Amino acid sequence: MIQINPREIAAEAMVQIMAEGAYNNGALRRLLRQNGAMSRQDRAFVTEVVNGTLRNLYYVDYILNTISKVRTEKMKPWILAVLRTALYQMYFMHTPDAAACNEAVKLAGERGYAKLGGFVNGVLRSAGRQKGQIALPEKGTAEYLHVYYSHPLWLVKMWMAYYGYKFTEALCRADNKAPDVTIRVNTLKTDREGLKKALEERGVQVTLGKMPHALHLSGTADLGRMDLFLEGMFHVQDESSQAAAALLAPKKGERVLDLCAAPGGKSFTMAQDMENDGLIVARDIYEHKIELIRQGAQRLGIENITAQQRDAALWDEDSAAAFDRVLVDAPCSGLGLLRKKPDIRLKKDGQEIDQLIGIQRQILDTAAGYVKPGGVMVYSTCTLSRKENEKNVQWFLEKHPEFSGEVAAPFLPESMTTEKDSCMVTLFPQIQGTDGFFMARLVKKGS
Ligand SMILES: C[S@@+](CC[C@H](N)C(=O)[O-])C[C@H]1O[C@@H](n2cnc3c(N)ncnc32)[C@H](O)[C@@H]1O
């Protein structure tokens, strides 16, 4: 049997993600598939090392740059990947220092860098000796949160300006915990108790979520291959997204437009809430993503979704005042997803926010015209940036006096919202245990 070294796969993933620009989840999935002979334990190890290293990258690099004479940005991609993943194992996974160090030296040699084995050995031995002794920036500063919790400095500063130091620290800490898998029970086929029991019979640990059809799973190896998944008993969906669908609250027989719908999660949830009755037009700008909506709907036994490729920023006369409910789940900076997509924090620099605001406002402006008088629109993002969230809603309500905000709390379980008298809700990983998420309920006047 071929021996696959999981440490090598982890370092390879880091090269692809950090030096070649691959997305974290995509690169991991591809490498795990290509090395399918690895044991379940080794696959879990690779996933933990890659996600953990990415989640703690600013900290790991801070240690490397304190110890090494060569700065991380000057290192060869392979050597840097080997050092980062080895240091993560030593500092966060309790791998014995000597084992992590010896393996790293071997890995350097395997890709033609045998000459750098001494350098790798020196840096890691020194890191082992100095564990817990390297001075960090002073506590109470943005620089401390940046290094200790490995969040970009610009983001820490932005959140501190919004929420203050203590709240930002709690948020950063929550971002660094690997989340469990959350699913939405397919109420067209089963119910929460029935699915919980069936999952438990298959060895999955299950707890109930705050949303009425949410389950939290742990101990799931390959959920996508499980019979219950293939039979369409659930789809994977964070509780924040389930809440956004609940805030729009579509009813049986209504016409619903989901303008930025792929891969389809919120459309699927709404279709189930509507008991497969009425119509959901689910659109996205990317043709290849439309197929994901169709496949998902088919797996789940959903028949009231029509998927269409269309740019939501461009006006569609045929949709004018044609929908009871419109969802604008806008493209955004994704700063609420740091738990699940740890590479987001490394690849954004805050510059893209202003560009996104332009697109979000264009989509909102266009969407307003598709809502029937008396109809409802929900604007949502998976980000924690007030410019993309509250400021956009304020802008929209000023520009569109035919809309007003409706208090959101009555549409959500009490534990999901802390704002009791606002049309806007922000969810945080350290409070609701969800992704960082924003949503607002806007009602068009008239009847
Ligand atoms: C936050 S994701 C949507 C997630 C989806 N609502 C769900 O619950 O599964 C945003 C989506 O907007 C799409 N998008 C980006 N720009 C768009 C545009 N101008 N028009 C329509 N869709 C767009 C992206 O392709 C992406 O699928």
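Cβ from N, Cα, C; glycine included.
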To which of ASP238, ASP277, ASP324, ASP329 does TrEMBL also attribute binding of S-adenosyl-L-methionine at the site defined by CYS260, ALA261, ALA262, PRO263, GLY264, GLY265, LYS266, ASP284, ASP311?
ASP329
With every protein chain in view, how many other Cβ atoms are within 10 Å of the Cβ of GLY264 (S-adenosyl-L-methionine binding site)?
26
CB neighbours of CYS382 (active site, nucleophile) within 10 A?
26
Averaged across the domain 'SAM-dependent MTase RsmB/NOP-type' (171-445), what pLDDT does the model get? Just tell me the whole number, please.
96
Distance in Å spanning the most remote Cα pair of CYS260, ALA261, ALA262, PRO263, GLY264, GLY265, LYS266, ASP284, ASP311, ASP329, given for S-adenosyl-L-methionine:
19
Using Cα coordinates, what distance in whole Å links ALA262 (S-adenosyl-L-methionine binding site) and CYS382 (active site, nucleophile)?
14
Please report the distance from the Cα of CYS260 (S-adenosyl-L-methionine binding site) to the Cα of CYS382 (active site, nucleophile), rounded to the nearest angstrom.
13
